[in-house]
Amino acid sequence: MAAVETRECETEGCCSEAKLQCPTCIKLGIQGSYFCSQECFKGSWATHKLLHKKAKEDKIKDEGKNCVEKEINTDPWPGYRYTGKLRPHYPLTPTRFVPSNIQRPDYADHPLGMSESEQTMKGTSQIKILNAEEIEGMRVVCKLAREVLDIAAMMVKPGVTTEEIDHAVHLACTARNCYPSPLNYYNFPKSCCTSVNEVICHGIPDRRPLQEEDILNIDITVYHNGYHGDLNETFFVGEVDEGAKRLVQTTYECLMQAIDSVKPGIRYRELGNIIQKHAQANGFSVVRSYCGHGIHKLFHTAPNVPHYASGWQDETWPDGWTAVTRDGKRSAQFEHTLLVTETGCDILTRRLEDNGRAHFLSQM
């Protein structure tokens with residue numbers, strides 16, 4: 001910590017004289033960030049470190065803005081060693097506008113994109129049991145989320161950029177009086193996540209045109225009348241090889257086999273065992289770093305539902321979001337929002353057409 005002029009400690013509830021400044025903030029050019037002691041600094045670290053993340057993201061955006069408008073920068077982080085062939089295509093387009101009449105989650109206008117309601121529940125394993133009114137709210141929002149994903153699905157083809165898909169998703173959300181939940185969630189810059197090939201999840205839509213033989217996951221979450229609805233599917237872009245077909249098919253089967261077992265009393269680890277067993281039987285691994293989660297009025301909450309597999313490793317691009325496989329191999333994902341009932345579960349985000357089957361099955 002470096003000694004500086006006297007200020008008031010920035011730890012919430014502490015008004016002591018502060019003479020210490022965060023060294024990372026100094027390096028990043030962040031003004032302020034004064035603390036009275038190492039103890040206060042450490043106690044505020046969980047929230048304070050988000051300032052560092054935002055400053056790094058802002059720097060990336062600024063570097064992108066310095067590019068000529070028609071020039072695509074595929075190397076925004078010189079020296080970074082990518083694990084696969086995929087590259088970002090910067091600059092990103094500006095943040096999209098959400099009409100003021102649309103209800104917004106608590107993080108939508110937070111400078112760091114923090115959800116105070118989620119922070120309040122952080123660390124608790126308490127699972128919320130929904131009443132009839134809340135269940136109906138979830139049914140409505142999940143139906144809307146499904147409609148948005150189905151619109152995005154129609155755009156998947158070679159030559160279309162994920163930025164264009166994000167634009168369509170944004171318009172579909174606002175047309176349904178929904179807020180696109182990812183937008184500004186911990187400063188995520190777009191309205192959906194688009195994960196191509198080796199990207200596991202949280203891919204940021206950009207200007208890269210989709211290519212023949214890509215696989216693409218589109219993750220949609222919408223916020224409507226106080227509730228979030230979340231789902232995703234993986235799609236084939238044009239004609240894909242047999243390896244891609246087998247990966248996506250197995251991933252989908254893992255999800256559906258686990259869903260078939262969901263009922264009161266089953267342990268979360270049993271669901272993980274079902275997923276892992278089927279994946280490994282087909283020669284695949286399961287990503288351990290990311291898991292299923294509770295959702296209702298909060299975007300992410302208890303419980304966490306693991307899909308365990310040992311020895312999995314992943315990396316994150318310098319954008320702070322894009323998670324990729326360390327070996328550069330392709331990754332697929334499917335997600336539904338489920339309502340646990342007395343006898344099993346309802347798939348709230350189930351597709352209404354084609355007997356509920358995922359879109360990729362019509363591409364097989």
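Using N, Cα and C of the backbone, Cβ positions are placed for all residues, glycine too.
Annotated Zn(2+) 3-binding residues in TrEMBL are Asp219, Glu335, and among Asp230, Asp346 the one listed with them is Asp230. Listed in sequence order, the binding-site residues near His202 (protein binding site) (C-alpha within 10 Å of its C-alpha) are Asp219, out of Asp219, Asp230, Glu335. All protein chains shown were included, and the count of other CB atoms within 10 Å of the CB of Asp219 (Zn(2+) 3 binding site) stands at 22.
It is Glu335, among the binding-site residues Asp230, Glu335, whose Cβ has the fewest other Cβ atoms within 10 Å in the structure shown. The residues near the Zn(2+) 3 site, meaning same-chain residues not in Asp219, Asp230, Glu335 whose C-beta sits within 8 angstroms of the mean position of the site's C-beta atoms, are Cys193, Ile220, Thr221, Leu231, Asn232, Thr337, in sequence order.
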